Structures are given as structure tokens and as C-alpha cells.
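Engineer: The structure is given below, and queries will be raised subsequently.
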């Protein structure tokens, strides 16, 4: 990495802390030379690339400034949060949820998944089903009357039914660390996840 680029990369990494992991590799080090030149085809310095779960990097070819680097990183974030299209679909998903496979629903007015929720979805999707639901899709009245949604965004976890006793609304701050701890407290113990595991591309910070 070129020394003059370090401050911009550090700024970019700080701006997406917990959402995207930045790592610096010394390609001049003997143990890294072969991988840099052969596996990752690094031909010059600095080289910036995005790595998903498997080592097939996407090279960055933009300006070496924090803002475009952040935009590049966020653009390539994986998203495991699915969109609920109707109120009926939401009811069916809730009925299929269970303590061993909770359902996470973010009631939101945003039509696109935020980087924060993308990052969280990549961490929890192996143990929970993750969805977003807009008032346009399920109906604002349905959100309020059936699920008690008073404002957007509202995050809820369901574990088997639409009854209040089987759902919990998140009341903390909308930041990564606080939300991660909330999800962690509701994650089923290891060995109870009925779905097969697969590799998570671009995994965010933390693990349930």
C-alpha cells in the first residue's frame, strides 16, 4: 500500500466500521508475494479489491479517496434480508417461525436495505430468517393494528405466532453493536438451526 493513500483508506475503514472489514496486506513480504501476484493478480500499488466469501476479488478502479472507496465497499455488501411483499406473506412467515428459527422483521419505509441491516443480515441469516416490510407492502394499518408498529423503522423478532408473548420489539439504539447484542440474545443455541450452513460472503463483524 502506498504511504500517501494510508490516511484515505483509514478514513474509509473508520466510516464503515462493523459493516465492512478492511485489511492491509504487505505484498513485499516473502510469505505474501506468491499470493499477491498469482492468486490475486496484484500488478501495482496500491491495489484495492473486495473479497466475498470465496477468494474471487473485485478490483477497485476508482479514485483513491475515502468517499468513493466507501461507496465501492457498500455497493458490494451482501444482502441476506428478503423483502416481504404482502401482509399475507408476513402472517405465513410468522406462523412458520419458531424458537429454533426466529423471524426477524424490520418494518421500514425505506425501499432499499440499509448497509447496517445488510451487515447484520450477513451475520444472523444462518440462525434466523431476516426480512424487511414496508407499510406500502403490508399496509400501514396492518403494521399498526396487528403488530403494534407505531413508527418506522421498528424491528421485531417473532418465534412462532403473532401474539405479543411470542414477539419482541427492539427498543435500543439503531447501531451495529446494540443490534448485534439483541440478535445474539435471541439466537438459538448451537445445534438447533434446522437449515444447512453455507459460507457467508463478505461477512461483517461478530458471530452468533
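Residue 1 is the first one shown; counting continues down the chain.
Cβ coordinates are placed from backbone N, Cα and C, and glycine is handled just like the others.
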Engineer: Which stretch, out of 161-184, 185-208, is listed as region 'Disordered' by TrEMBL?
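Structural biologist: Of 161-184, 185-208, TrEMBL gives region 'Disordered' for 185-208.
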Engineer: Within the domain 'Thioredoxin' (7-72), how many residues are helix, strand or coil going by DSSP?
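Structural biologist: Per-class counts: 26 helix, 4 strand, 36 coil.
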